[in-house]
Amino acid sequence: MKNKEVRILSTGKYLPPISISNHDLSKIIDTNDNWIKTRTGIEKRRITKGENTSDLGTKAALDALRKGGISPEELDLIIVATITPDYFTPSTACIIQRNIKAYNAFAFDISAACSGFTYGISIASQFIRNGVAKKVLVIGVETLSKLVDWKDRNTCILFGDGSGAAILTESNEKGIMNVYLGSDGRGADLLKCKSSSLTVNSDELKELLNSKEEDLENKFIEMDGKEIFKFAVKVMIKGIEKVLKDSNLELKDINYIIPHQANLRIIEHVAKKLGIDENKFYININHYGNTSAASIPIALAEVDEKGLLKKGDNVILVGFGAGLTWAASLIKWI
């Protein structure tokens with residue numbers, strides 16, 4: 001029996017309402033708007049208050065369901081990509097399943113950091129092609145404000161909270177053209193968080209900030225920024241070139257590239273090395289900062305909402321993250 005094809009039915013997103021500007025950060029750490037924008041391209045980021053990761057994921061899921069015109073009962077599988085789950089167990093996916101009442105679906109989490117959503121797209125596609133599922137909800141969601149050291153200007157300026165989602169469905173036409181995934185554990189220590197508490201919420205941040213230094217050890221994100229920058233540029237180019245080659249397409253055939261929104265300077269370097277206009281990349285890092293697994297689906301949902309993609313257009317999703325991991329996918333909009 002011939003395997004089924006897969007396409008994206010709908011997308012959704014949710015951003016918490018609290019926006020923290022660079023100017024706001026300058027009141028609590030030694031930084032300023034120009035310093036942050038010059039190095040990262042970030043102007044502001046969203047932060048949760050009183051919301052868990054599952055709450056953000058639930059709202060993005062409901063948005064995608066509404067736009068797709070389907071009920072939660074029609075979902076066969078829910079995949080949540082996150083490094084900031086509500087708990088060690090149960091999975092955030094199961095909590096979201098309960099919240100949206102998608103009781104016919106099975107659900108699980110994956111942890112691939114900023115590459116997680118594209119990993120989820122790959123997994124969902126395989127379940128559909130193999131006939132195990134017909135409709136799959138893939139969510140990328142993070143509440144990174146739990147893991148940010150608000151005294152460290154090198155990291156707290158970068159991250160934000162948010163959630164994006166996509167519903168994949170079986171199709172007669174091929175929408176998910178190619179996926180390329182990779183990882184290299186030799187770089188595991190370049191970007192890490194050894195936090196023993198995954199349920200720190202915004203109300204507890206003040207307590208953490210007033211704690212003794214030894215109490216804070218290992219609770220926050222640690223990153224070798226220079227090495228991550230070099231790694232990111234290399235694997236993003238590698239990922240883009242790989243999915244183009246496997247799809248027998250060229251850069252001129254691509255309408256949009258949706259990159260992981262980690263640092264505007266990374267995207268600029270990739271564009272320069274590929275010899276393409278930066279306008280081919282969809283960029284929203286100035287509004288939201290780095291939302292890890294949520295960054296690509298949030299951007300995809302925005303592109304969808306704005307009507308920037310028409311039937312037959314080609315879009316590349318490409319990202320990188322802790323692990324080290326990287327992922328790219330070439331999608332035809334149908």
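The backbone N, Cα and C atoms fix where each Cβ goes, glycine too.
Under the heading active site, Swiss-Prot lists C114 (among others). Counting only same-chain residues six or more apart in sequence, the Cβ atoms lying under 8 angstroms from the Cβ of C114 (active site) belong to H260, A262, N290, S292, A293, S295, G319, F320, G321, A322, T325.
H260 (active site) falls outside any helix or strand according to DSSP and counts as coil. Feature annotation from Swiss-Prot assigns active site to H260 (among others).
N290 (active site) falls within a strand segment according to DSSP. According to Swiss-Prot, the active site annotation covers N290 (among others), on the basis of sequence analysis.
Under the heading region 'ACP-binding', Swiss-Prot lists 261-265. Taken together, the residues in the region 'ACP-binding' (261-265) have a mean pLDDT of 94 on the 0 to 100 scale.
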